[in-house]
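A.B. asks: Have a look at this one.
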Amino acid sequence: MAVQGDVMEAAGPYDRAKALSAFKLGDATFYWITRISAISVLLILGGIILSLIVGAWPAMREYGFAFLFTQRWAPSADPPVLGALGPIYGTLITSVIAMMIAIPVGIGIAVFLTELCPQWLRRPIGIAIELLAGIPSIIYGMWGFFVLGPFLANTFQPFMIRIFEGVPVLGAIFAGPPSYLSLFNAALILAIMVLPFITAISVDVFKTVPPVLKEAAYGMGCTTWEVVKNVVIPYTRVGVIGGIMLALGRALGETMAVTFIIGNSFRISSSIFAPGTTISAAIASEFAESDGLHQSGLILLGLLLFVLTFFVLAAARLMLMRLENKAGK
């Protein structure tokens with residue numbers, strides 16, 4: 001006890017107010033750092049939107065809403081004629097085709113990995129999916145230009161053209177001539193690029209299904225397909241839709257890979273084997289050599305892509321909220 005008293009005397013009296021003031025200073029510092037970090041996100045977003053609007057204003061003032069519905073893109077004409085219909089069409093078509101391919105394949109891979117895959121094979125496939133997600137987009141573009149595009153133009157496209165020749169609607173969609181620079185080739189590259197996102201997120205959400213639910217279904221005699229359809233998918237649909245929308249956002253904004261293989265044509269064709277362009281590909285191809293009204297038109301294309309992506313994400317959020325509310329009832 002004597003030793004403890006000596007130590008306390010050496011340390012001096014405990015100043016509670018001083019200790020609390022030190023804690024308050026730390027709390028205040030932490031509070032303001034987190035607040036400034038949160039506000040900086042809003043400031044950056046607002047700055048991007050403002051800069052896009054300011055840069056796009058000359059084109060908005062010159063063309064108005066006609067910019068959205070004009071197909072011709074002739075910046076060197078006198079006066080320049082700029083229309084966003086071709087890039088908007090190409091962006092939507094390539095994204096839709098990519099998602100039509102990637103969604104069933106990605107969810108199928110996720111089901112295989114979580115329900116059917118042997119343990120020794122699960123890890124190699126998982127590593128391969130992670131590697132696909134990490135490949136730079138320019139590598140995908142080069143592979144599409146030098147390998148995938150010529151292969152499709154020499155094999156798949158002629159086959160589809162012969163099969164659907166003369167068939168109403170489908171004959172126009174799969175019309176020739178074959179080309180290694182086309183909307184379909186770009187969409188296929190996009191599908192390969194977004195596939196890892198859909199697969200990885202689907203695998204993660206499928207693992208959240210309580211084993212007791214699946215075991216109960218198997219115990220009642222359900223097949224694997226019935227368990228997946230009636231237990232796994234309904235239980236995880238919110239997470240799966242979130243992963244799909246994340247992949248769609250990636251597909252809408254992809255630039256380099258698409259620029260390599262889409263053909264950069266502003267014309268609108270009913271055939272998916274025809275060249276085309278997307279909003280991001282058009283900006284990447286022409287921005288370095290643009291000025292004046294041409295540059296403003298490209299910035300307006302960027303603003304349109306921003307708005308399109310925003311509405312896609314907002315629709316996804318609304319859909320998820322409705323699903324969550326429905327599940328809570």
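Even glycines carry a Cβ here, placed using N, Cα and C.
Quick paste from TrEMBL:
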- 39-60: transmembrane segment (TRANSMEM)
- 88-113: transmembrane segment (TRANSMEM)
- 88-316: domain 'ABC transmembrane type-1' (DOMAIN)
- 125-153: transmembrane segment (TRANSMEM)
- 159-176: transmembrane segment (TRANSMEM)
- 183-203: transmembrane segment (TRANSMEM)
- 235-253: transmembrane segment (TRANSMEM)
- 265-285: transmembrane segment (TRANSMEM)
- 297-320: transmembrane segment (TRANSMEM)
A.B. asks: Could you check if the transmembrane segment (125-153) is in contact with the transmembrane segment (183-203), meaning 3+ Cβ pairs under 8 Å among residue pairs at least 6 apart in sequence?
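C.D. replies: Counting Cβ pairs under 8 Å (6 or more apart in sequence), the transmembrane segment (125-153) reaches the transmembrane segment (183-203), since there are 3 or more.
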A.B. asks: Return yes if the transmembrane segment (39-60) and the transmembrane segment (297-320) have at least 3 CB pairs under 8 Å (sequence gap of 6 or more), otherwise no.
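C.D. replies: They are in contact.
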A.B. asks: Can you tell me which of 88-113, 183-203, 297-320 gets the most C-beta pairs within less than 8 Å of the transmembrane segment (265-285)?
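C.D. replies: Of the candidates 88-113, 183-203, 297-320, 88-113 scores highest.
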A.B. asks: What residues in the same chain, six or more past the boundaries of the transmembrane segment (297-320), come closer than 8 Å to it by Cβ-Cβ distance?
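C.D. replies: Contacts of the transmembrane segment (297-320) (Cβ under 8 Å, skipping residues fewer than 6 from its ends): 48-49, 52-53, 55-56, 59-60, 63, 67-68, 75, 80, 82, 84, 87-88, 91, 238, 241-242, 245, 248-249, 252-253, 279-280, 282-283, 286-287, 290.
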